2 protein chains.
Amino acid sequence: MAETAVAENGSGGDANVVRVDLGTRGYDIRIGRGLLASAGAEIAAVLPGARLAVVADETVARLHLKAFSQSLTAAGLDHRAITVPAGESTKCFREFERLCDEILAARLERGDAVVALGGGVVGDLTGFAASAVRRGMAFIQVPTTLLAQVDSSVGGKTGINSRHGKNLIGAFHQPVLVLADTAVLDTLAPRDFRSGYAEVAKYGLLGDAEFFAWLEDNWQAVFAGGPERDEAVARSCQAKAEVVAADELESGRRALLNLGHTFGHALEAAVSYETERLVHGEGVAIGMMLAHEFSERLGLTGEDTVLRVRRHLTDVGLPVRVRDIPGQLPPAETFLDIIAQDKKVSRGALTFILTRGIGEAFVEKGVDPALVADFLKEKLEA
Amino acid sequence: MAETAVAENGSGGDANVVRVDLGTRGYDIRIGRGLLASAGAEIAAVLPGARLAVVADETVARLHLKAFSQSLTAAGLDHRAITVPAGESTKCFREFERLCDEILAARLERGDAVVALGGGVVGDLTGFAASAVRRGMAFIQVPTTLLAQVDSSVGGKTGINSRHGKNLIGAFHQPVLVLADTAVLDTLAPRDFRSGYAEVAKYGLLGDAEFFAWLEDNWQAVFAGGPERDEAVARSCQAKAEVVAADELESGRRALLNLGHTFGHALEAAVSYETERLVHGEGVAIGMMLAHEFSERLGLTGEDTVLRVRRHLTDVGLPVRVRDIPGQLPPAETFLDIIAQDKKVSRGALTFILTRGIGEAFVEKGVDPALVADFLKEKLEA
């Protein structure tokens with residue numbers, strides 16, 4: 001479905017290109033160091049003459065907006081910057097309304113585009129606004145975190161949070177182009193880089209044992225920023241692109257991408273999304289551990305699988321146990337309630353991503369809630 | 001693309017069925033007198049076992065919710081009613097947020113559905129909420145006005161208004177079923193029935209001269225509520241279904257449906273959407289007249305076409321001249337500004353639906369704004 005190719009880009013550097021094959025909604029993900037400097041040329045090649053609204057949070061605007069804007073101007077692209085507050089609380093109805101209004105105030109027409117320059121929060125909010133303004137504006141993702149580059153900017157899921165839970169309001173709205181500049185990741189805090197790395201490891205664990213083994217050997221170079229980083233981002237995007245192309249609207253196989261996320265989301269909710277205690281990728285890391293341990297408990301895989309996953313996540317500095325989360329946690333019953341309200345529930349039965357070994361995850365519908373309750377109780381008391 | 005068939009429905013009455021052919025997103029529009037009483041059985045046939053959130057405004061809830069709810073209960077469908085205020089101002093961000101929250105509070109899961117029981121306002125707001133909650137819930141339209149039955153409930157356009165204009169925020173979200181009970185239209189005020197009728201006449205004018213001639217002969221029976229009403233609704237839905245199936249996302253031919261709407265929307269905006277002065281269908285009626293007169297001015301059609309359209313619209317009691325609108329109107333320049341901000345603008349050029357005769361409308365891009373200005377100035381001073 002998706003293929004990785006090495007192509008020359010306008011700035012003379014090599015860029016990895018991953019194609020997301022969705023027919024008329026298909027698009028390229030371009031990955032490379034320093035891509036921000038040639039972003040204008042890349043965008044002009046896809047949408048010649050388009051006017052752009054560029055959305056960034058205050059932090060990213062301070063770090064990267066000037067360079068990005070210069071690149072747009074150099075390519076002759078008229079644009080207006082719109083700034084939103086930094087942080088998860090920006091994914092709310094009020095900011096959604098404000099952003100839609102600002103995009104309309106910029107008088108963009110059909111054929112123009114909305115650009116998300118930032119991490120997952122800005123990408124999700126901006127993508128939803130782009131889907132809704134005039135019932136759908138062209139949308140470009142310029143992800144500036146590792147998490148956004150390998151996960152949230154690929155696949156078209158957009159949305160905001162409701163008081164009933166995260167990402168419960170949104171749209172499937174595919175971008176027309178994704179530009180991932182891996183040099184931008186040098187400005188990330190180590191904890192944020194690690195958090196994104198949990199999703200990179202996930203792609204190995206869910207379906208590519210060879211990639212997981214490669215990560216075991218090369219993770220230090222990925223963190224340091226060598227060509228291995230570009231390769232890790234490209235292989236992650238390729239893995240996600242294949243799943244998305246096979247199941248755009250998440251009716252089946254795409255659920256595999258939720259490996260570690262059902263437990264992970266419950267942990268995030270249990271700490272009220274206090275990022276001092278737990279960031280998303282840390283929840284995913286612990287969640288992936290729990291998914292492997294639960295699979296072992298069900299006799300689906302052996303202890304060696306669990307040990308290997310734990311060793312790698314520990315090596316890179318990610319948490320692997322519920323008790324690695326600082327502070328008090330609610331009882332197991334609360335976790336089950338949270339999981340039941342999670343949107344990956346179908347007609348009251350619990351759906352989990354389980355595994356038969358490294359790279360062999362599968363979707364299991366109808367998991368017995370009592371088994372999950374016993375397992376969680378034990379883990380919370382461990 | 002679409003075909004009209006006569007089929008038996010569960011309650012023993014005859015229903016006209018129009019199929020909207022959109023592949024996996026295709027759906028039936030069922031049209032008939034008294035359909036509300038069998039709505040539960042109709043819905044259960046499409047979504048067996050679904051739980052429903054039923055959205056109605058206060059007026060429709062008082063008139064029709066009890067009968068509708070009884071029909072759902074009789075079919076064993078668990079449901080919860082959600083009431084919104086009546087009126088265009090309900091199509092706002094605040095009600096969108098409240099409705100999304102209420103749908104989530106009802107704990108609907110994938111496979112459940114959101115029902116819009118009402119006119120265009122409730123259909124547009126509810127459809128947008130259905131598109132956004134969990135990134136897309138199944139959606140059912142039960143239109144209770146003529147305008148909604150022949151226009152807004154068909155084709156998947158949903159949305160709310162922004163301070164920059166009407167319907168500027170929304171989604172394309174197709175329903176899974178549309179149930180149009182033509183007996184419900186007996187409860188409409190005559191002015192609201194006439195307003196919906198403007199859209200019925202539009203289908204004849206834009207592409208079906210034979211239908212327009214049929215309406216000239218049969219409009220009194222359509223107003224009175226005989227089988228001619230069902231036929232008029234079915235033929236209108238069929239006309240719209242064909243256009244929608246050919247151009248779901250309005251990239252080309254679907255723009256034909258805007259016959260009379262560019263001028264009509266500008267008139268509505270010019271009176272600040274004060275429905276005491278002008279309701280939507282009245283704006284469309286005057287807009288259709290202007291489109292025919294402008295086409296005559298450009299030498300595209302003859303005076304006989306204009307006279308025939310004017311006679312029919314006048315016969316049914318619709319306004320046909322700008323001066324039929326009570327009170328002061330802004331100057332022609334203001335109208336041009338409004339038209340330029342209309343979302344049917346592409347790269348600064350004006351797009352109009354013009355005609356070569358009854359049933360021969362076409363999309364004309366790049367109309368000279370100066371010609372429109374002169375024409376409007378004359379009409380405003382007439």
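The chain as shown is numbered from 1 upward.
Cβ coordinates come from backbone N, Cα and C, glycine included.
The Zn(2+) site recorded in TrEMBL includes A:His261, A:His280, and the single candidate from A:Glu199, A:Glu333, A:Glu360 that the record places there is A:Glu199. Annotation for A:Val122 (NAD(+) binding site): same-chain Cβ neighbours under 8 Å, separated by at least 6 residues, are A:Val55, A:Ala56, A:Asp57, A:Val60, A:Val84, A:Thr90, A:Ala116. Each residue contributes its Cα atom, and for A:Thr145 (NAD(+) binding site) and A:His261 (Zn(2+) binding site) those atoms are 19 Å apart. Using CA atoms as reference points, the binding-site residues A:Glu199, A:His261, A:His280 were checked against A:Asp124 (NAD(+) binding site), and the closest is A:His280. A:Asp124 (NAD(+) binding site) falls within a helix when secondary structure is assigned with DSSP. The NAD(+) site in the record is lined by A:Gly120, A:Val121, A:Val122, A:Gly123, A:Asp124, A:Thr144, A:Thr145, A:Lys157, A:Lys166, and its two most distant CA atoms lie 21 Å apart. Excluding A:Glu199, A:His261, A:His280 themselves, the residues of that chain whose CB lies within 8 A of the CB mean position for the Zn(2+) site are, in sequence, A:Leu147, A:Asp151, A:Ala198, A:Lys202, A:Gly260, A:Gly264, A:Gly281, A:Gly283, A:Val284, A:Gly287. Here A:Glu199 (Zn(2+) binding site) comes close to A:Leu146, A:Leu147, A:Val150, A:Asp151, A:Ser236, A:Gly281, A:Val284: these same-chain residues lie at least six apart in sequence, with C-beta atoms under 8 angstroms from its C-beta. DSSP assigns A:His280 (Zn(2+) binding site) to a helix in the three-state reduction.
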